[in-house]
Amino acid sequence: FITSPYESFRRGCEKTANTEFYSNIPRDQVVYTGDTVLLKCQIRNLGPKSVSWRKISEDFPLTIGDMMYAPNPEMSVDFVRNGRITNNTLIIKRVKPSHSGTYECQISSANIYTYHVNLEVLNTRRYIEPSITLDGTLYPSPNQKLNLTCNSTGHDRSPDKIDWFHNGNLITENKPQWRNRAVIVNYVPEVPGVSLISQLTIDKVRTSDAGIYICRSMTPSEGITVKTTSVIVNVLNAEKDIKKREDGHTQDTSHKLSRQDTNKTVRLSSCFYLTLLGLLFQIVK
C-alpha cells in the first residue's frame with residue numbers, strides 16, 4: 001500500500017494541528033416563541049474534517065457541512081471558514097417549544113469531537129414594541145452620494161414593505177428625477193427576524209434633492225399598521241459657503257484695520273498733549 005504525498009501531508013497536519021472548539025460561546029439559550037435563534041459552534045483547525053449539527057433526541061443530522069441534511073423552512077446553516085477558524089451556525093426561525101432540547105455540533109474524524117448547546121423555548125411570546133427609525137447623510141455636498149437607512153420593526157413579524165417619499169412625492173427608481181441615480185434595497189435581518197431595513201442611495205446629489213425625506217412602513221397584524229418617520233436633508237452650496245467665509249474674513253480684516261487706526265490716533269493725541277504741556281511749563285518757568 002502506497003500513501004500519496006497529499007495523504008501524508010494531510011495526516012501530518014492532523015497530528016500537528018489540534019482540532020478544538022471555542023468554549024467562550026454560551027452553551028445555554030432561553031428564548032421566546034417566535035424568536036429567531038442562532039446556535040453557534042466555532043472550531044479551530046477543522047482542516048479536512050466534516051462537521052454537522054444534530055438534535056440529541058433525534059437519530060439523523062440536521063446539517064452536514066454547509067448544507068441542510070433535509071429541506072426545512074424553519075432552519076438554515078451559516079458555514080464560514082476564515083483561515084484556521086470555522087464558524088458553523090445553526091439558524092432556527094420562529095422557534096416553538098418543540099424546538100427545545102440539546103443540540104450537538106459534531107466533528108467527524110478518527111476521533112469524534114462534540115459540542116453541546118441547550119435551547120429552552122418559553123411558551124409565552126415576547127412582546128416587541130413596533131418602531132421605525134431613519135438616519136443617514138443629512139448634509140451632502142453636490143455630486144456626493146446620499147445614503148438614508150430606514151429600520152422598521154413589527155410586533156410579531158417584519159413589515160410587508162417600506163415606501164420612500166421626497167417632499168411628499170413617492171420615490172421610484174424609474175422616475176426621470178431619480179433614474180440611474182436612486183437605488184432602494186430592502187432586506188430582513190435574521191435576528192430578531194421582525195424588522196425590515198430599507199436603504200435609499202442617491203448618486204450625484206443635486207441641490208433639487210434637498211428637502212424632506214419620509215419612509216413609511218406597513219406592518220401586517222390584526223389590521224394594517226402604518227408607521228412613518230422623516231428627516232430633512234440639506235444639500236450644501238459650496239460657492240455660497242466660500243463666499244460667506246470670504247465675506248467674514250473681509251469684515252474681520254476691516255475691523256482689525258479700523259481698530260489699528262483708532263489706536264494710532266490715540267497715540268498721536270497723547271504725544272500732542274505731552275508736547276503742549278512741555279511748552280507751557282517752559283513759559284511759566
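In case you wondered, yes, glycine gets a Cβ from its N, Cα and C as well.
Per TrEMBL, the feature domain 'Ig-like' maps to 20-118 (among others).
Look at TrEMBL and you will find 130-225 (among others) tagged as domain 'Ig-like'.
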Helix, strand and coil totals (DSSP H, G, I; E, B; other) for the domain 'Ig-like' (20-118): 3 helix, 55 strand, 41 coil
Summary of DSSP states over the domain 'Ig-like' (130-225), given as helix, strand and coil counts: 3 helix, 48 strand, 45 coil
